[in-house]
Amino acid sequence: MQRWVRLDEREFPEAKNSPLKYTSALTHDAILVIAEAFRYLRRQRVDVSRRGSAGDCLANPAVPWSQGIDIERALKMVQVPGMTGNIQFDTYGRRTNYTIDVYEMRPGGPRKAGYWNEYERFVPAIDSTVSNDTSSVENRTIVVTTILEAPYVMRKQSPDQKEGNEKYEGYCVDLAYEIAKHVGIKYVLSIVPDGKYGAKDPETKMWNGMVGELVYGRADIAVAPLTITLVREEVIDFSKPFMSLGISIMIKKPQKSKPGVFSFLDPLAYEIWMCIVFAYIGVSVVLFLVSRFSPYEWHLEDNQEEPRDPQNPPDPPNEFGIFNSLWFSLGAFMQQGCDISPRSLSGRIVGGVWWFFTLIIISSYTANLAAFLTVERMVSPIESAEDLAKQTEIAYGTLDSGSTKEFFRRSKIAVYEKMWSYMKSAEPSVFAKTTADGVARVRKSKGKFAFLLESTMNEYIEQRKPCDTMKVGGNLDSKGYGVATPKGSALRWVE
């Protein structure tokens, strides 16, 4: 470029006033590469000018030129600085180790947005005009990018047509007002056009949403529910968190279950009821056997009306047959009396153990029965992320292009990896364009969809009419919202 500027105007008129075109620069570099390659061949004493048998251009198959291999090898070995940057080739003859400056069109003309190379991909530029001196922002109107998300930023439901910042209300609107009042600057709220928080496209490496507005210089500061993440901190600066939160699970609030016909069984688990039945049968059988082997349970009834035959005395009866044993055990369990009772010591021990057992069971059952019959319970099918991961009946998803989606994509925890594998392959897609879309899907799914979002938003929606959603389980992580600025911005150092 310096040689271009120093050209003699008498020999090259208008050279200094004519901008250098990229085609001219590429042509210059191409000639430079060829010249450097032939210089190398000359130093290696490779004679490419000797005449030989000329090949037939129409030969099939084609016959390569014998000196062509030497020239190709020399071209690939060239490494020289050119007008378009470093010139170097790989083994396939493709250019490598070069950098491209990226510019964007602004109202005041083109502005350098960053640079691109094959290793770092796109790297946004840091505006060298900004410094820690806040005077650069005090004399102009600051563009504050934000996103429509209740209760942080909402349009006013007013019959009067508001203009400018008066059109909006919410937590972040008030926060932006207090920041501007404290610093003493003018600002204008700008809703992000694509309605996204900010994520990096894996193919183009470009940022979208509010992060993209800051990275590419279309906004000066972001005051919104923007989560502080490590990936975002690589391209923008964050303030200290103004709100702490975490990822939570939102489901549709299940219908309250009223007492049914068999609700009297609810105070005890079904396993306990089965054990009671087996214990009842077992005690009755043991009492029957004990009564059979004990002589005290066999006795004659005194009957004066019938004469006794000394030659054929009647068999002594036993009151504790199998049916009477079952009846005695049932009466004891129901806390009722019985017209028979064991007479033998072994029978009374069995009966006493059974009475003590039924006393404990009936007391526990009675204490819990009133609460189970009077309280309407809500049975939730999901209680944690583990419950979501191990089932397939209930679909679940996150906000598209946000920190929650990025959390699952980068997580190395087995449960979250399993959830991410499901979400990215689910059909139809489980990613919502906006939080409102995700909440609407939860409400319309009849309990078949769970939405993963920040806990603050989850709790806010749960307490708003129609109050048909609920937060289940604890938070999956811990993070915070912060005010964001471009890298090196003077607003970053405002106190």
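Including glycine, each Cβ sits where the backbone N, Cα and C put it.
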Quick one: which of E178, E454, E459 does TrEMBL put in the L-glutamate site with P225, T227, R232, S403, T404?
E454
Measuring Cα to Cα, how far is T227 (L-glutamate binding site) from I382 (site 'Crucial to convey clamshell closure to channel opening') in Å?
26
How far apart, in angstrom, are the most distant Cα atoms among the L-glutamate-binding residues P225, T227, R232, S403, T404, E454?
17
With H, G and I counted as helix, E and B as strand and the rest as coil, say where DSSP puts T404 (L-glutamate binding site).
helix
Provide the three-state secondary structure of P225 (L-glutamate binding site) computed with DSSP.
coil
Spatial neighbours, same chain, of S403 (L-glutamate binding site) - Cβ under 8 Å, 6+ residues apart:
Y197, T227, T229, R232, K479
Calculate the distance in Å between the alpha carbons (Cα) of T404 (L-glutamate binding site) and I382 (site 'Crucial to convey clamshell closure to channel opening'), and round it to a whole number.
19
